[in-house]
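Here's a structure for you.
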């Protein structure tokens with residue numbers, strides 16, 4: 001009989017566990033401390049619980065931490081990890097070390113429903129949403145855990161399409177009884193879903209990144225079908241109701257496609273669209289994927305685009321591309337091969 005994972009449980013849920021097992025009320029905080037602060041590898045290591053209570057706990061629960069089943073290493077130091085989340089399903093997470101920081105790109109779903117034209121995860125289709133345990137396991141089981149400084153929810157899947165479990169995972173990451181991270185170390189990236197965006201802004205203090213890619217609705221809907229359900233104009237109008245002028249950061253991701261969205265008219269329309277918002281724009285180089293007739297703009301074009309926006313008051317950066325040689329860069333994550341091979 002499968003055991004229930006402790007990783008991914010809130011303090012309230014741990015209190016229910018200890019109550020059901022006849023353990024003292026304070027034992028829930030002890031378990032949370034061992035799990036999220038001391039990062040034990042077995043229930044036996046929870047030595048301030050009595051032997052009897054540890055045995056009771058082991059009878060129905062395990063830590064719920066599973067090591068990656070595979071990894072790929074890039075020449076630039078990026079590492080892509082493959083996690084098995086169930087018998088037949090897998091997700092990828094990407095560890096990106098830098099001089100002064102180390103970031104983990106975390107997945108929220110197996111596949112994705114959004115079907116963005118430029119993304120391999122979308123081409124894979126949607127299989128399942130991850131639980132808070134499966135989201136946090138990508139972090140807790142990371143071999144480089146002790147070096148990690150930042151988490152970005154920019155891996156496989158649309159986080160706002162799995163908002164209950166994503167918010168639960170983010171709560172545990174930032175709660176004092178949990179990992180105790182500052183929300184300023186975490187960024188959630190989304191295409192922008194009407195039903196989830198407002199809730200995320202109001203229930204989380206983590207940074208927000210919106211996938212933009214075109215300021216023109218008709219073109220954006222071709223690149224990103226989600227535009228048809230919740231337009232970028234409506235999204236911007238909603239975002240203007242909130243204060244992003246302090247520590248919380250709002251950014252817009254913009255993949256620059258050659259001859260598609262890289263001309264001056266696009267830069268001018270971006271300025272018009274985002275006027276009045278305290279935000280930044282991150283320009284991203286497109287990484288070619290099979291079967292997609294798009295090409296990335298050159299660095300000279302991207303630099304000119306950035307300089308125009310910045311000179312007109314919109315802070316803009318060019319995001320460094322990492323892990324392209326192992327299909328770990330933006331838009332390149334997919335576990336379609338593993339999913340298919342496990343069916344056979």
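The backbone N, Cα and C atoms fix where each Cβ goes, glycine too.
As the structure is a computational prediction, the values presented were derived from the model and not from experiment.
Look at Swiss-Prot and you will find 92 tagged as active site, proton acceptor. Taken from Swiss-Prot, the feature active site, S-methylcysteine intermediate applies to 330. According to Swiss-Prot, the feature [4Fe-4S] cluster binding site maps to 112, 116, 119, an assignment based on sequence analysis. If you look up Swiss-Prot, you'll see 157, 158, 189, 211, 212, 213, 287 marked as S-adenosyl-L-methionine binding site. Summarising the annotation, Swiss-Prot assigns disulfide bond to 105-330. Annotated domain 'Radical SAM core' per Swiss-Prot: 98-325, in sequence order.
Describe the structural surroundings of these features, if you would.
Following the DSSP three-state reduction, the secondary structure of residue 92 (active site, proton acceptor) is strand.
In the structure as shown, the Cβ atom of residue 112 ([4Fe-4S] cluster binding site) sits within 10 Å of 26 other Cβ atoms.
Residue 211 (S-adenosyl-L-methionine binding site) carries a strand DSSP state (E or B).
Counting only same-chain residues six or more apart in sequence, the Cβ atoms lying under 8 angstroms from the Cβ of residue 105 (disulfide bond) belong to 93, 94, 95, 96, 152, 154, 155.
The average pLDDT the prediction assigns to the domain 'Radical SAM core' (98-325) is 96.
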Could you round the CA separation between residue 158 (S-adenosyl-L-methionine binding site) and residue 119 ([4Fe-4S] cluster binding site) to a whole angstrom and send it over?
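That comes out at 12 Å between the alpha carbons.
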Using a 10 Å cut-off on Cβ-Cβ distances across all protein chains shown, tell me which of the binding-site residues (189, 211) has the largest neighbour count.
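That would be 211, with the highest Cβ count within 10 Å.
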Roughly how many angstrom lie between the C-alpha atoms of residue 92 (active site, proton acceptor) and residue 157 (S-adenosyl-L-methionine binding site)?
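Here the two Cα atoms lie 10 Å apart.
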Fill in the CA-CA distance, residue 116 ([4Fe-4S] cluster binding site) to residue 211 (S-adenosyl-L-methionine binding site), as an integer in Å.
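Per the Cα atoms, residue 116 ([4Fe-4S] cluster binding site) and residue 211 (S-adenosyl-L-methionine binding site) stand 10 Å apart.
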If you draw a 10 Å sphere around the Cβ of residue 287 (S-adenosyl-L-methionine binding site), how many other Cβ atoms fall inside it, taking every protein chain shown into account?
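Residue 287 (S-adenosyl-L-methionine binding site): 18 neighbouring Cβ atoms within 10 Å.
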What Cα-Cα separation, expressed in whole Å, is found between residue 287 (S-adenosyl-L-methionine binding site) and residue 112 ([4Fe-4S] cluster binding site)?
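With distance taken Cα to Cα, residue 112 ([4Fe-4S] cluster binding site) is 18 Å from residue 287 (S-adenosyl-L-methionine binding site).
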In whole Å, how far does the CA atom of residue 112 ([4Fe-4S] cluster binding site) lie from that of residue 157 (S-adenosyl-L-methionine binding site)?
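Counting only the Cα atoms, the answer is 4 Å.
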